[in-house]
Amino acid sequence: MSLLSPPAFNFSMLPSNLIPGDANPPWMSKGDNAWQLTAATLVGLQSVPGLIILYGGAVKKKWAVNSAFMALYAFACVLLCWVCWGYRMSFGEKLIPVWGKVDVALEQDYLFQKAFLGMFPNATMVFFQFVFAAITLVLIAGALLGRMNFYAWMLFVPLWLTFSYTFGAYTIWSSNGWLSVNGIIDYSGGYVIHLSSGVAGFTAAYWVGPRSTKDRERFPPNNILLMLAGAGLLWMGWSGFNGGDPYAANIDASLAVLNTHVAAATSLLTWLVLDVIFFGKPSVIGAVQGMITGLVAITPAAGVVQGWAAIAIGLCSGSIPWFTMMVVHKKSELLQKVDDTMAVFHTHAVAGCLGGLLTGLFAHPKLCYLFYGNYNKYYGLFYGLHDGQSHKGLRQMGLQLLGILFIIAVNVVMTSLICLLVQLIVPLRMSEEDMEIGDEAAHGEEAYAIWGQGDRLEKSAGFSDTAAGAAKSSYNTSRSQVEMV
């Protein structure tokens, strides 16, 4: 044996649970693999059942089943498409700088290989990336609730995943993607997921058209407590959403989780204060919207900014989307014309843009090094100015802005083309008669039959005139929080 050769390592000296074997290759970290599967499951729970019950509770009673079912269908459909072609188009071999080659992720030989990042197998990475793709389609559904033909939605989901989502994912997240190689920062999907879903949802809502006049005028949530349960799953699930993106159970994952919740809480409280100041009452629906905008805005920055920056991002995400929703929306003819049922444009597109730009300001070079492994390539503008590296900070801001423009362009164009194609096959929109009926017409099922559409509440037995008046007053006060028209 050469004197320069290191002695062979005796694996038998290791504890039995650390000895490599056929099911435990030497390159795999059991801890990282366990955390990655856990994080993926947390993100999956954000959609099923999180957004299912959030949508089901937040819409008018007659749309509860349809709204929940749109989310459930998207989750199942995306998984099948993802393993058959979507994953490799998003993270596989390069076809062009913004798109990967079509291939399956089903074969044992491939799934047991080491993933392109992290110390776990491809099977884990495929599942982890799937839940992100799925929630993007579920978020788009939020803009289309209350009128989209379910058969059109069944066609829209696989087409949009294939011809829109894969572009953004490959370009920004793949190791060979155009913007990824150049140094854009999107820690966990502020661009790929939230900006994409906000823009695509708004664009699709334009082509599908608005809800019925009656529904646009009055669309009370049928169960606010159920909506809150879904919102709670969404919030807590974000621990996996942002905590899973270092692809390791390390200190950066811990920082990302903490920053996520700090920003969400700050944003919720900021939105709440603005509601009290300008509307005179704290609105629980407004609080949920503030929570969501905080979670969205911190997503591109979660593990690359310090705690004080997470608070600053929360302050911005609780105020700027509030302003666009409560002020700009009511003065814009375009925003008034497009019927975005769950205000996805404001809570995801606006907040996603905001988070991406604030990431360009606050990204700390050392934290970027922990995440990306490169100290000089990723540089927030504030730190660039402080360190005499202003050119690096300005370059980072330019890349963040370029990413926004790219995602907007891809989603407006591809979503429009997909909607135009789908409407050649089936109508995008339900008939006026079916929209008047809702779930019964679309699925032959109803969520429950306790009250009517909110109109008969004060007429029910034992419900006093005083209580009815209080209920009406409370509803009217918070109506602007539900209906953005």
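Even glycines carry a Cβ here, placed using N, Cα and C.
Curation does not apply to TrEMBL; its annotations are automatic.
These figures come from a predicted structure and were not determined experimentally.
Taken as a whole, the domain 'Ammonium transporter AmtB-like' (34-448) shows an average pLDDT of 97 in this prediction. According to TrEMBL, the feature domain 'Ammonium transporter AmtB-like' maps to 34-448.
Residues annotated as transmembrane segment in TrEMBL: 34-56 (among others). Beyond its flanks by at least six residues, the transmembrane segment (34-56) meets 64-65, 67-68, 70-72, 74-75, 118, 120, 124-125, 127-128, 130-132, 134-135, 138-139, 141-142, 145, 222-223, 226-227, 229-231, 233-234, 236-241, 243-244, 247-249, 253, 342, 447 of its own chain at Cβ-Cβ distances under 8 Å.
Residues or ranges marked as transmembrane segment by TrEMBL: 68-88 (among others).
The transmembrane segment annotation in TrEMBL covers 126-145 (among others).
What TrEMBL records for 152-171 (among others) is transmembrane segment.
According to TrEMBL, the transmembrane segment annotation covers 191-209 (among others).
The transmembrane segment feature in TrEMBL is assigned to 221-241 (among others).
Per TrEMBL, transmembrane segment is recorded for 253-277 (among others).
What TrEMBL lists as transmembrane segment is 284-302 (among others).
According to TrEMBL, the transmembrane segment annotation covers 308-328 (among others).
The feature transmembrane segment is assigned by TrEMBL to 349-372 (among others).
The feature transmembrane segment is assigned by TrEMBL to 401-426 (among others).
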Other parts of the chain folded back onto the transmembrane segment (152-171), taken as Cβ under 8 Å at six or more residues beyond its ends: 70, 73-74, 77-78, 81-82, 85-86, 89-91, 97-100, 129, 133, 136-137, 140-141, 144, 177-180, 191-192, 196, 200, 204, 208, 406-407, 410-411, 414-415, 417-419, 421-423, 425-429
Cβ-based contact of the transmembrane segment (308-328) with the transmembrane segment (68-88), 3 or more pairs under 8 Å: no
Stretch of maximal Cβ-Cβ contact with the transmembrane segment (126-145) [cut-off: under 8 Å; candidates 68-88, 349-372, 401-426]: 68-88
